Amino acid sequence: MQAVQQEIAQALKVQPPFEGAAALEQEVARRVAFIKGCLNNARLKTLVLGISGGVDSLTAALLAQRAINELRSETGDAGYRFIAVRLPYQVQHDEHDAQACLEVIKADEVHTVDIAPAVRALAAETEALKGGSPSLVDFVVGNIKARTRMVAQYTIAGARAGLVIGTDHAAEAVMGFFTKFGDGACDLAPLSGLVKNQVRAIARSFGAPESLVEKVPTADLEDLEPGKPDEASHGVTYQQIDAFLHGQPVSQEAFDIIVATYRKTQHKRELPFAP
């Protein structure tokens, strides 16, 4: 492991690879206990999470629902609830995957909020967007989508006295692959420190189908490039990112891309700047 790999892995609190099924089960139990502790410390009983159809939100939701189930069982209090939220922009092209995730999760409640009217209204009223290039406008509006989704989740959490769960993990954090105050905003991040293949392993341990576990990850925020794979944006694969974070050798090109992207996106991981 090179020094910079160790530095980054420590900063992101990257967890070591799972050494067998027992280690995986132990990590699942630890993260479920973390979620329960967050609720208890806040003296709240509700968790809220947006479900996209990808493995990250699927895995976070499975952990959350298990935590809620355990709290209900341990306390006898039926007031503990997990709310899964669908947040499509009009009609999502992979809505079938989102619905398949909901079938696996079996959330206590499912809410749906179409973010399109709010996103369009804000974009239409923003003078700075007028006259911008199509690609720039598309990118900025993509970030509006992410932030609107978080506004919706916090609206539900506020109405139901709950906490919002985030889906960020180490393989996304190292690349700064999240929107500031959008999907990067949350009250607790139960996937923190995990690499992508560990997120998949946890989902698989819950019995999630391989079609969802191995689905090609995509942020799907930009209309000009719908369904664009994360890896196309990264310039490296998640396999390479995972290997880097676990101190394993990667190609020099992948190494340079990951380190440069980590440094360039540091402002997203340390907010806000202060004198």
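Every residue, even glycine, has its Cβ placed from backbone N, Cα and C.
Under the three-state DSSP scheme, T167 (ATP binding site) falls in the coil class. For T167 (ATP binding site), the same-chain residues 6+ apart in sequence whose C-beta sits under 8 angstroms from its C-beta are L49, D56, S57, T59, A60, D183, A189, L191. If you look up Swiss-Prot, you'll see G50, I51, S52, G53, G54, V55, D56, S57, T167, K196, T218 marked as ATP binding site, on the strength of sequence analysis.
In the three-state DSSP reading, D56 (ATP binding site) counts as helix. When other Cβ atoms within 10 Å of the Cβ of D56 (ATP binding site) are tallied across all protein chains shown, the result is 22. Annotation comment: Swiss-Prot describes D56, E172 as Mg(2+) binding site, evidence class sequence analysis.
Annotation source Swiss-Prot lists deamido-NAD(+) binding site at R147, K180, D187, H267, K268, citing sequence analysis. All protein chains shown were included, and the count of other CB atoms within 10 Å of the CB of H267 (deamido-NAD(+) binding site) stands at 12.
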- Task: For T218 (ATP binding site), list the number of other Cβ atoms lying within 10 Å of its Cβ atom.
- Result: 20
- Task: Measuring CA to CA, name the entry from the binding-site residues E172, K180, D187, H267 that ends up nearest G50 (ATP binding site).
- Result: D187
- Counting all other Cβ atoms within 10 Å across every protein chain shown, which of the binding-site residues G50, G54, E172, K180, K268 scores highest? G50
- Message: On a C-alpha basis, identify the one among R147, H267, K268 that is nearest to T218 (ATP binding site); the candidates are the binding-site residues.
- Response: R147
